[in-house]
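The active site, proton donor/acceptor annotation in TrEMBL covers Tyr137. Look at TrEMBL and you will find Lys165 tagged as active site, schiff-base intermediate with substrate. Residues or ranges marked as pyruvate binding site in TrEMBL: Thr49, Ile207.
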Amino acid sequence: MNMPITGGVMPAFITPFDEKGRMIDSGVQELIEYHLEKGLDAFYVGGSTGEAMIMNSEDRMHIAELSVSLVKGRAPVIVHVGAPDTETAVKLAAHAKKIGADAISSVPPYYYKMSREYIKEFYRAISETAGLPFLIYNIPQLTGVSISSEFMIEMMEIPNIIGLKFTDTNLEEFRKIKAYDNGYIKAFIGYDAMLICALMMGADGGIGSFYNIMPDAFSKVYDSFQAGKYEEARDVQWRINKYIAIIKKYICPANQPAIKAILREMGFNSGTTRGPILPLKKDIEEAMIKELKKEGFFEFVR
């Protein structure tokens, strides 16, 4: 029985790799238990933060199946199945259904420029294969495809599509999407520094990279906002944003190396990145950790 995708905050889950690019299953288990303990509401597996676009289909199916088996129904698991080609995306969608994922998600097809008709048929094929609740993943800065409010509303005609992950800063477009059919669309913000702003615009929650290292804080923003404690939510968001700004000074350009370095400092077997994404150079990592310590980050996330 699939768990419903209602709302809340969830990590765009990292994928731990060893120095040879092999997945570290024990690291996945550690992080899943940590996030469940910290009260995150669901898991978004195999997305951009998870380095899925530089993984083969077998590895993507492995992280999906491993995550579902380790979560054991304690929270919904959303599996990202997006790919530049329909065949791979459909294969991953069928696998997500087989292993008992609660929902799927997908970026639009990328690299080649696609018409709306092509994109809709891509999503329709995935949806018909999986038959699971389906979140469109809008991240135009990486795909080169922007899902407008008008186009998103048009795609709600496709069975099983329930909403989207919106990784963009255009909150007016976000508002237009969320306002469709009296808020029927499930809309999750993917810009971590804007969680509270998106909640003000009616967001159902957030899905993000920095949730991996600050799960308590993002849960606090969401829970405080839902309880009407807006100043409390704002104060925590401000602190989150302070640390995001520090970390971004050391990101060049991907965020996975910094997130994994911080998790290692926190005591987790988060491993390293897979090529072509390179780990942080030693001096850069040391400088980042030193600055975060100076600014009280590790006490904040304890």
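The backbone N, Cα and C atoms fix where each Cβ goes, glycine too.
Sequence-distant neighbours of Lys165 (active site, schiff-base intermediate with substrate): residues of the same chain at least 6 apart with a C-beta under 8 Å from its C-beta are Tyr44, Ser105, Leu135, Ile136, Tyr137, Asn138, Ile139, Phe188, Gly190, Ile207.
For Ile207 (pyruvate binding site), the Cβ neighbour count at a 10 Å cut-off comes to 28, with all displayed protein chains included. Long-range Cβ neighbours of Thr49 (pyruvate binding site) (same chain, at least 6 residues apart, Cβ-Cβ under 8 Å): Pro11, Ala12, Phe13, Ile14, Gly208, Ser209, Asn212, Asn255, Gln256, Ile259.
Under DSSP, Ile207 (pyruvate binding site) is assigned to a strand (E or B) in the three-state scheme. According to DSSP, Thr49 (pyruvate binding site) is assigned to coil rather than to any helix or strand.
Packing around the residue listed as 'active site, proton donor/acceptor' is summarised by its Cβ count: 27 other Cβ atoms lie within 10 angstroms of its Cβ, all protein chains included.
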